[in-house]
Amino acid sequence: MVQYEVAVLTGDRLNSTTLNNVFIKLVGTDGESDRTWLMGLKGATSFVRGAVSKFKVSCPTSLGNLVLIELDKQSLPLFPEDAWFCAKVEVKSPEGDIYSFPIYRWIADSKVHRFRDGKGLGNCTKAVFQYTTFTRNPFSFFLSFLFFFIALRVFEDNHHLGRYSRQQEIQQREEDYRWDAYAEKMSHSMKAENPFSLPYEVQFSFTKTKEFLYTASTGLTELKLKGLDNCKKKWDNIDSINRVLCCKKTDISEYVHEHWKEDAFFGYQFLNGVNPMLIQLCTALPSNFPVTDDMVFPHGQCTLAHEMKKGNIFLCDYKRLDGVKANTINGKKQYLMAPLVLLHKDPHDKLMPIAIQLKQTPSDDNPIFLPTDSEYDWLIAKIFVRSADFNEHQLNVHLLRTHLLAEVFAVSLLRNVPMVHPLYKVTDVLVWKFASSGGEGMFTILQRSVSSLTYSSLCIPDDIAERGVEAVPNFYYRDDGLKVWDIIHRSVQGMLGYYYKSDREVQEDSELQKWILDIFEHGFLSQAETGIPQTFTSVTELIKFVTMVIYTCSAQHAAVNSGQFDYAGWMPNTPISLQLPPPTKKGTTSEATMLATFPDVNVTVQGMATVWLLSKQSSDFVPLGQYPEDHFTEEIPRKILKDFQTELEILSGVIKARNKHLNVPYTYMDPAVVENSVAI
């Protein structure tokens, strides 16, 4: 008989302990051990939080090189089945070799779970841990297994064990993680009855769940808005809005409150607000936007053609919202426009709005509003644009392009959450009930957004070039985003280059090819025009796609989520709904018209409380590049990870130094405040 020394490390986090019986099987190139009950001197305390417990496993002969272990746990009659967070298992062979099996996952059932050696067959599986933490954060979780199929490429080179383990794992995952068509012409999601029916490992952490529910239930109280959430009255004066909405401020929300009427700030938000994704260079006016030189340059100082040639004219077109059926709130019809906005970069490098048309079809009752119009004609036109921007941002830029895509990437790896995730409950409140795009309109916008989704628009270098905004001054989303993309790209290149030595290895990785095909079919509905790869043909192609996934689920989400309270906390700057139609002729608006157009008091405060919830950082926040567990043992991956962290730290310092000189600091892409993944 020979003996293997086994050390089991239980994670040092809340509720990591199990009182169930734990069993292990060792699998090697020359055989496997019996399933062995891990019963040590510590007894029931062997697997408490932070414990390191040692055991012996006996075998008739050596198992050769260990390639995997099997773990399972079984409940006792007096103890119900619980969840156990196992950090790592280390095994010392009779020959003196040390094998390390990174676990870092929750085991909450009685099924058999298989884990590969950290230095051997599972190398690639670990690579993604450099980008995201594994803390029962559902969106973070899937990234931690982004290279799962990559690891199988190595594993399948090792005789029958590859087939033995892979087939069982895939069968189990197909049972646990299934696709569901939530709505017609929308990206598919994961099938589940409710959040608690999800596998334990992809549910929110205990900390995040409690904080999310607490913040959601106390948001109105914390913002001193309690009692107003049932008030269905209109706002009667701007001072009332001031008193209510200024109870809770951030530095930026206070700036917004002071400057929301200004044209320069209106233009600034297209670059550095929560929706920097719509603005594009205008080289020719759309045929349905008949702006003339006399309208925008009444003194003949220049022409549109000349300014377009110089690259100084920009367009924001909300055509996706055209014809969308608006919501009914408090029994009153709401109004959602599909504006066109023309902007001009002036000699002071400020982006100034010069023309707004609130509906897509030109007509006598659809005037083009200008800065030279009366104060409230021009202001209410900008208010309708900001309301349209809220709905475009919330459903397309934020929900679809970060959360729902994260789910697509994840479920294709059988690792993520469905539309029963708490985010969708928040969306239900914010959009379905209180936004002008709620109800039927929400699905219309999402379906149109899916149909117009492209691969290039998800890759910030391509997106910036396609929109022609490479040279726009003071575009901090672009500047910081490109730098974060490059840092992620270099790190992914190093990691994948370490594991894939040729394009052929990528092409022959059948599991990897199934992953991208799954994404193409279920996320992008098999639409080739999206540009999403259906196969990976080269290492370079794979590197770009993985970079996009990581960037989308971390930096991009931070850019379009974290500033929501900053810019929408002061409702007049970002009304979630409007309850009067836009003026059909000029000279008919006033402050009273504006106040009557704003959403009711209860709609306003519910929207404010919800964006406060979405913007609030959890206490178990983990920034991009920082990882609470040690998943790496090899020298090269450790160096790549260290370089990644160093580059992010340097960039953070550069951004902080720049922001000291800005009236409105742009912080959302600072790696120090970018969460590792879509975490809310």
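Each Cβ is built from the backbone N, Cα and C atoms, and glycine gets one as well.
As recorded in TrEMBL, the features of this protein are as follows:
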DOMAIN    2-121  domain 'PLAT'
BINDING   Asp82, Ala83  Ca(2+) binding site
SITE      Trp106  site 'Essential for stabilizing binding to COTL1'
DOMAIN    152-680  domain 'Lipoxygenase'
BINDING   His398, His403, His557, Ile680  Fe cation binding site
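For Trp106 (site 'Essential for stabilizing binding to COTL1'), the binding-site residues whose C-alpha atoms fall inside a 10 Å radius of its own C-alpha are Ala83, out of Ala83, His398, His403. Among the binding-site residues listed here, namely His398, His403, His557, His403 has its C-alpha nearest to that of Ala83 (Ca(2+) binding site). Each of the recorded positions Trp106, His398, His403 was scored by the other Cβ atoms within 10 Å of its Cβ; the lowest score goes to His403.
Counting other C-beta atoms within 10 Å of each candidate's C-beta, the binding-site residues Asp82, Ala83, His557 are led by His557.
Each residue contributes its Cα atom, and for Asp82 (Ca(2+) binding site) and His403 (Fe cation binding site) these two points are 29 Å apart. Taken together, the residues of the domain 'Lipoxygenase' (152-680) have an average pLDDT of 84.
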